[in-house]
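A.B. asks: Got these off TrEMBL a minute ago, pasting:
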REPEAT    15-45  repeat 'PPR'
REPEAT    46-80  repeat 'PPR'
REPEAT    108-142  repeat 'PPR'
REPEAT    170-204  repeat 'PPR'
REPEAT    232-266  repeat 'PPR'
REPEAT    294-328  repeat 'PPR'
REPEAT    395-429  repeat 'PPR'
REPEAT    430-464  repeat 'PPR'
DOMAIN    611-703  domain 'DYW'
Amino acid sequence: MQSLLMPCRRYCTSVAIAYNSQIARYARIGQIESARRVFDEMPDKGIVSWNSMVAGYFQNNRPREARYLFDKMPERNTVSWNGLISGYVKNRMVSEARKAFDTMPERNVVSWTAMVRGYVQEGLVSEAETLFWQMPEKNVVSWTVMLGGLIQVRRIDEARGLFDIMPVKDVVARTNMISGYCQEGRLAEARELFDEMPRRNVISWTTMISGYVQNGQVDVARKLFEVMPEKNEVSWTAMLMGYTQGGRIEEASELFDAMPVKAVVACNAMILGFGQNGEVAKARQVFDQIREKDDGTWSAMIKVYERKGFEVEALNLFALMQREGVQSNFPSLISVLSVCASLASLDHGRQVHAELVKSQFDSDVFVASVLITMYVKCGDLVKARQIFDRFSPKDIVMWNSIITGYAQHGLVEEALQVFHEMCSSGMATDGVTFVGVLSACSYTGKVKEGLEIFESMKSKYLVEPKTEHYACMVDLLGRAGLVNDAMDLIQKMPVEADAIIWGALLGACRTHMNMNLAEVAAKKLLQLEPKNAGPYILLSNIYASKGRWGDVAELRRNMRVKKVSKSPGCSWIEVEKRVHMFTGGVSTKHPELSSIMKMLEKLDGMLREAGYYPDSSFVLHDVDEEEKVRSLGHHSERLAVAFGLLKVPEGMPIRVMKNLRVCGDCHSAIKLIAKITGREIILRDANRFHHFKDGFCSCRDYW
């Protein structure tokens, strides 16, 4: 009879093992419902099966079902109770874990250690410590968990005291202690422990190398790296990141080439390293070579493009990322938002905003500020204000963003109103706030208001005026024609005038044709920024407008001798999520150039009928009148506007961006184009926004 029962028992046991294995597998891959079906179908459920199913629910973040099943168990052992405590700990429910721990009929070292681990995980190290010293028996895991807790809260000397009394110091405990010392910058003590280790594994070596890297001792790290008995991907990557973070890109590149296996983390570090060094093409080369890209790879490459001025490429890569179904992460979305602001790419900006809402990132104060800035720079002040009004509480960045936005759009009353609301709300102002408010006054000729605010900065708002605030005041006075007053302010300033201040004065001299002060400002600028073409161009403008072509030629000769190059004027417009760039002249490369030229010819005729005549004083070259008129008609902003008229549907504003200040003649022409075509044209130049509608501009020709 016994011989007949033995195969039966073996069969039943093997069936139970098979069922339990299935439950564990389904739970591991997230198919908890399938695991439950297997459990329910079991003809004979043992305690192991019940424990497996409870563990499965905890593994899939369903602690309520786990507890319900635990309570239904016909019998429980210590393993069951330990599973309950560990499950609660994994689900960050330390209070529930403690309740279970306190009601356990019998505890073992695993129970105590699980509970100590739970407290450590939640940062409740004092509670963990109290429990640890109450433990009737401790094993090496208990000691190591407690040691890790003390290191976690930077109680490094107490951690060392605990380490010294540990009965058994295994490789994990020793490595933890080394890591703790490295975090505190105590490398000598870390190295002493490392050298004393009776046995080291690859993690110990990597921890010591990472410690040197994190503390800026890359060459010492490299020496240790070279003598490692074995290296893994983490070791190589730690060493590589030491070079990339230190800006030592050549050594990083050599190490990267020598890596036997190039982990994605290492590739991402290399992309950022090349990018920071300005080697964007090499960064893209690494990006293209990665077969299994993670979201960090895409984020790194987009960030490189964004930081190095490759805005169009950043948008194109973001579009490719979406086409390939890669989930956008937070850093990539913020980088793209910054690009959208820079390019005034409203369609892409709206899309990123939608992604942020979907991912529930939009409730973050930082994100709200970036969104406000993006909408402001894209010319959609209504949307920027909606975000601002909806968000509470507001931080100083949000207040400053909306004030600056109104200033850039020439809406001084709105900027001042928000400024007063900010002060009334109890929010402290800062230097950025006053740059925004003073700029608003400057852009609209509010000299009296600007002077009052400037005078009250220190006395009323306790903000010390800095160079940038004096620059705003020089700009305010200069724009209003008070050029001599602006010069007096520069001479009386308690701070040294920088290039921005002299540039503001020179710009005012250009507007009001003050030749004497213009030459003074230009000479100062050339001393401060000898490679900046701006002063040459502004002074050249003044000479050209006075017909002093010999002086213009002399300036250009000096530019050639000193190898100073002028940034070419370019404008761009976004149509159907694609950015179209234009440079001045018929040489501009665009697939639809012939259609654009026909539109310009048509506009030229309509403008002449409306009484427009080109102002050739805005042409710098000493050429005949006909050539000057042709040059003006092909400025980049006009090409972009013409393309917008061809492509942007009726009823929608045409949004154009320019990298330099808009040409005065183009400003006059675009006012009339807006009137004769019945279209709203929004132009953002290097300084501010111009909203053209019905023959008028929002700047009221004060810019």
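The backbone N, Cα and C atoms fix where each Cβ goes, and this holds for glycine too.
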A.B. asks: Taking every residue in the repeat 'PPR' (232-266), what is their average pLDDT?
C.D. replies: 90
A.B. asks: Could you give me three numbers for the repeat 'PPR' (170-204), the DSSP helix, strand and coil residue counts?
C.D. replies: 26 helix, 0 strand, 9 coil
A.B. asks: Under an 8 Å Cβ to Cβ limit, what residues of the same chain, 6 or more beyond the ends of the repeat 'PPR' (430-464), are close to it?
C.D. replies: 396, 399-400, 403-404, 406-408, 410-412, 415-416, 419, 422-423, 472-473, 475-477, 479-480, 482, 688, 699-700, 702-703
A.B. asks: In the same chain, which residue numbers or ranges, 6 or more beyond the ends of the repeat 'PPR' (170-204), come under 8 angstroms Cβ to Cβ?
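C.D. replies: The answer is 140, 143-144, 147-148, 151, 154, 156, 159-160, 163, 210-212, 214-215, 217, 228, 230-232, 234-235.
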A.B. asks: Looking only at the repeat 'PPR' (430-464), how are its residues distributed among DSSP helix, strand and coil?
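C.D. replies: So the counts come to 29 helix, 0 strand, 6 coil.
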A.B. asks: Could you put numbers on the helix, strand and coil content of the repeat 'PPR' (46-80), residue by residue per DSSP?
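C.D. replies: Reading the DSSP string over the repeat 'PPR' (46-80) gives 26 helix, 0 strand, 9 coil.
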